Every structure is written in C-alpha cells, then in structure tokens.
Amino acid sequence: MDIKTLITSMVELFIIIFVGYFIYKAKIVDDNFTKKFTKLVLDVTLPAMILASVLTLEERQELYDVITAIAVAAALFFVVLPGIGFFLAKLIRAKKEQIGLYTFMNAYSNVGFMGFPVIEGLCGSVGLFYAAIFNLIFNLSTYTLGIWMMNKGREDAEKFNVKRLLSPGVLLSALSIVIYFLDIKFPTVITETIESIGSITSPAAMLLIGCSLAKMDIKSVFTEVRIYPWTIIKQLIIPLLLWFPLTMIIKNELVLNVTYVLIAMPVANSAVLFATNYGGDSELAAKTTFITTLISLITVPICILAVQ
C-alpha cells in the first residue's frame, strides 16, 4: 500500500470533515438537511458507488479470492471482532449495561462512510468491489448479531426484523456480486452515469461526519476515561495483532490490504443510531465515534507503516 497516497487521502477526507463541522456550526445546514442528506447518501449515492465498483472492473477476479473475501468478512464480523470486543469491554471494566455497546463498536468499523473513500483512493475499483463484499456481510451482521448486542440484558428487547436488511445498500451489494458472477455488462452511458452519482459519496459522507461531530459538546467528549485505552487497543493493537493471521489466510495482496484497512477504520456511525434505537448508551457511542474518527488520522497511517 502506498503510504503517501493513504495520508493524502486521509488528509483530504479530514479537511472535508472540518468543512462539514463548520457549515453546521455556522448554521448553513441544520438537522433537517443532514437527515435528508444522510438518506440520499445511504439510499442513492453509496449504492451507486457499490454498483459502479463492479461495472468498472477491467478484469474479473479469481473465484477463490472472492470466496476468501466472503469467508473472511463473515468470520470477522460474526465471530472474531465481536469476541475480541467482548473481552476488551471486560478488560477495561466497562459497566454491565455498556458491554454490548463496546462489543458492537469494536466489531463494526466505519466501512461505508470512511472505509470506502479510503479504499477507493488506495485500491481503485477492484478494491471497492471487495469492500462491497465486506459491506454486505457487515450489514447482515449488524442487523442480526448487532441488534442482539444492543438488546443484551433488556427485557423489552426488539426481535430481529428481516425488513431491516432490505436497504438499498445491502440490496445493491448483493446485486453487485450477482452481476459480477453473471458477467452482466451495462451500456457505457449507464455505467458512467452510475459512476458519476457514486462519486458524490466520499465528499458527502465526510460532510455528514463533520455535521454529526458538530452536534456534540466537545468538552464532554473527553470525560469518559475508559474511551482512551479502549481506542488505542481498537485502533492500533487489534489491527496489528490480526495482520499476521490474515497474511496466513489471505493469499491475494489486494484482498489482504482491503481487509486490514477496514479493520483499522474508526467506529461506525451506525453505533450511535443503533444505541439510540435499541436502548444503548447513545452518548457514549457518540463520544467514542468522535474520538476514534479524529485519532484515525494518526492511527491508520501508523497501522499501514507498521506492516510495510
């Protein structure tokens, strides 16, 4: 992986995040705008970006590599990362009612809003194709195991609802894989149009992250003492510890790099949404998302440099 390209991409993304922060603080945009804009990104531009990653592939990938990506993603999001997250929550002596949230935040990094733009800058459309596979498994896990984590210990726990899986992002991830295997070709004008719409995703997602950070009381963010050791372990130690096992399992260098970069991403924005919807500590989720997003500008390049 080209560290210079990575740092350049990260800096560009963070500049856009700060633009989002300031336009919200300056009241150029409000909550109503960000709510609708988020829906636009999740339901239109991100699915287009995922689909474009397949339509613009110049050569087909080895079936073994595709199956490996699916298997590794499933193992990570359903077993490995949740397991480590639960152990880590116990290690930092998290409150009983926060263990499920800490487990969730360790298991699910920011694959869509931040991972996709970084992968696109580092690995191009082929990398995005594999990231789309991870995104599909990611969503399957968050809306099944993730809900269970948030509900753990609650008497009014919400049952799994399959309709929550039928979002445009999940459907387009699945459709993209089908299109890939069937080798379906679209007219150039359609492909380029989808690609243009998808290209909006990266800057739009960063603006939204900036807006969400602007809603927080910055002073209160730094009062949760447990966040700091947890963040260092999640953002640095876990990716580095997983690197060697991943190199033994994944033979394709591109799939390996995509997997590693996605693990090193900060906490997913969905942690706040899930905590709010399923009775978790939404304030802790927001604080942790804020801290891990900011520190990722430093930790992600360190993780990459460490394995060069």
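The backbone N, Cα and C atoms fix where each Cβ goes, glycine too.
All annotation found in TrEMBL is predicted automatically rather than curated by experts.
Feature list (source: TrEMBL):
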- 6-24: transmembrane segment (TRANSMEM)
- 36-55: transmembrane segment (TRANSMEM)
- 67-89: transmembrane segment (TRANSMEM)
- 101-119: transmembrane segment (TRANSMEM)
- 125-145: transmembrane segment (TRANSMEM)
- 165-182: transmembrane segment (TRANSMEM)
- 227-246: transmembrane segment (TRANSMEM)
- 258-276: transmembrane segment (TRANSMEM)
- 288-307: transmembrane segment (TRANSMEM)
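Contact between the transmembrane segment (36-55) and the transmembrane segment (227-246) is absent: fewer than three CB pairs lie under 8 Å, with pairs separated by 6 or more positions in sequence. Remote same-chain residues near the transmembrane segment (67-89) are listed as 98-99, 102-108, 130, 133-134, 136-138, 140-142, 145, 149, 230, 233-234, 238, 242, 246, 249-252, 255, 258-259, 263 (criterion: CB distance under 8 Å, separation of at least six residues from the stretch ends).
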